[in-house]
Amino acid sequence: MSNQHTLLISNLLPVGSNISTWWNFGSMLLTCLMMQIMTGFFLAIHYTANINLAFSSVIHIMRDVPYGWIMQNIHAIGASVFFICIYIHIARGLYYGLYMNKNVWFSGTALLITLMATAFFGYVLPWGQMSFWAATVITNLLTAIPYLGATVTTWFWGGFSVNDPTLTGFFALHFILPFTIASLSSIHIILLHNEGSSNPLGTNSDIDKIPFHPYHSYKDMLMTTSMFMLMFMILSFMPDLFNDPENFSKANPLITPQHIKPEWYFLFAYGILRSIPNKLGGTLALLMSVTILITAPFTHTSLVRSMTFRPLAQTLFWTLIATFITITWTATKPVEPPFILISQMASVFYFSFFIMNPLLGWTENKIMMMNS
């Protein structure tokens with residue numbers, strides 16, 4: 001074990017003195033993961049992975065199990081908070097050029113994909129109307145795979161439709177994947193501390209470092225406490241804020257909801273999927289909406305790592321954030337004008353960020369050379 005890892009364990013790791021609050025979300029994500037694993041374990045004790053009993057078992061947890069309603073609500077709200085933190089974490093990485101630490105960025109992208117899969121499997125487990133139909137629609141995208149599509153879909157379903165084997169399989173995957181996420185998180189942290197954390201200026205922090213504890217550990221505690229306060233306020237006053245009303249009805253394969261949609265944190269990808277009127281094209285765009293993050297280190301052309309001193313790049317970045325919110329909003333709307341056109345335009349803007357960013361980098365380099 002290297003000296004860096006010994007320092008990491010003893011919490012004395014030297015860290016740049018100027019890292020801001022945006023660097024606290026990593027520890028908040030780790031706290032969320034621990035909380036989700038613990039609450040998920042207690043829920044799994046009382047949950048029954050059977051299409052006839054799953055919905056009733058969730059009601060049983062809420063009504064009859066001591067403090068079951070707290071466990072269930074923390075787990076459901078915790079998933080949304082988890083995704084809020086991870087999207088901020090990724091946005092911070094894009095803004096400050098942290099993707100230049102390639103190994104950390106790639107392990108983080110793998111973590112995001114695993115997390116999204118885990119959350120999707122978890123959304124199906126209550127076996128409500130939206131759970132069932134979201135599972136049917138999303139898994140049906142596997143049929144878009146040329147030649148093997150139908151075979152892969154039947155194998156994934158465990159039959160010829162979303163049924164009992166599908167639910168049992170999803171429960172097994174939802175139980176085991178968080179431990180995969182925990183393992184990947186360990187790799188992510190070890191890779192990060194091989195080179196050390198960057199800072200808002202994007203410069204080398206070696207000349208000005210302070211011990212992680214107590215300076216940054218107290219900042220982490222403050223942000224984690226704020227996160228818990230937000231969670232418990234939602235739990236106390238608006239426990240169903242992130243829930244879909246359709247999911248309070250038991251799954252019925254004979255009645256299709258008027259508007260099928262996944263949880264809010266998948267809506268940006270779902271909106272991109274819906275904006276393309278071709279099944280294979282939409283599926284590829286859905287996958288690309290997440291995997292395109294892998295291209296960031298290879299398309300960085302600017303001489304300056306961070307966007308702190310790049311006003312043009314900042315404009316492009318905030319356009320991406322606005323686009324992300326717009327796609328999320330349009331995905332909640334029916335597939336009809338003007339939402340179809342807005343969704344298609346927003347999808348083009350979303351992907352154009354990853355094309356415009358390197359072009360803007362070259363432009364900024366030229367401007368800097370002209371002024372120097």
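Placed from the backbone N, Cα and C atoms, the Cβ positions cover glycine too.
Taken from Swiss-Prot, the feature transmembrane segment applies to 25-45, 69-90, 105-125, 170-190, 218-238, 280-300, 312-332, 339-358, supported by similarity to another entry. If you look up Swiss-Prot, you'll see H75, H174 marked as heme b b562 binding site. Positions annotated as heme b b566 binding site by Swiss-Prot: H89, H188. The ubiquinone binding site feature in Swiss-Prot is assigned to H193.
Known features from Swiss-Prot, placed on the structure.
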| residue | record | Cβ contacts under 8 Å, 6 or more apart |
| --- | --- | --- |
| H75 | heme b b562 binding site | Q36, T39, G40, L43 |
| H89 | heme b b566 binding site | F25, G26, L29, G108 |
| H174 | heme b b562 binding site | G40, T118, F121, G122, L125 |
| H188 | heme b b566 binding site | V104, S107, G108, L111 |
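Within its own chain, the transmembrane segment (280-300) is flanked in space by residues 90, 94, 97, 99-100, 102, 105-106, 109, 112-113, 116, 141, 144, 146, 268-270, 272-274, 347, 350-351, 354, 357-358, 361, which lie at least six positions past its ends and keep a Cβ under 8 Å from the stretch.
Beyond the ends of the transmembrane segment (170-190), by six or more residues, the same chain brings 5, 8, 26, 29-30, 33, 36-37, 40, 44, 47, 49, 104, 107-108, 110-111, 114-115, 117-118, 121-122, 124-125, 135 to within a C-beta distance below 8 angstroms of the stretch.
Within the chain carrying the transmembrane segment (218-238), a Cβ under 8 angstroms from the stretch's Cβ atoms is held by residues 21, 24-25, 27-28, 31-32, 70, 73-74, 77-78, 81, 85, all 6 or more beyond its ends. With a 10 A radius on its CB, the residue listed as 'ubiquinone binding site' counts 18 other CB atoms from all the protein chains.
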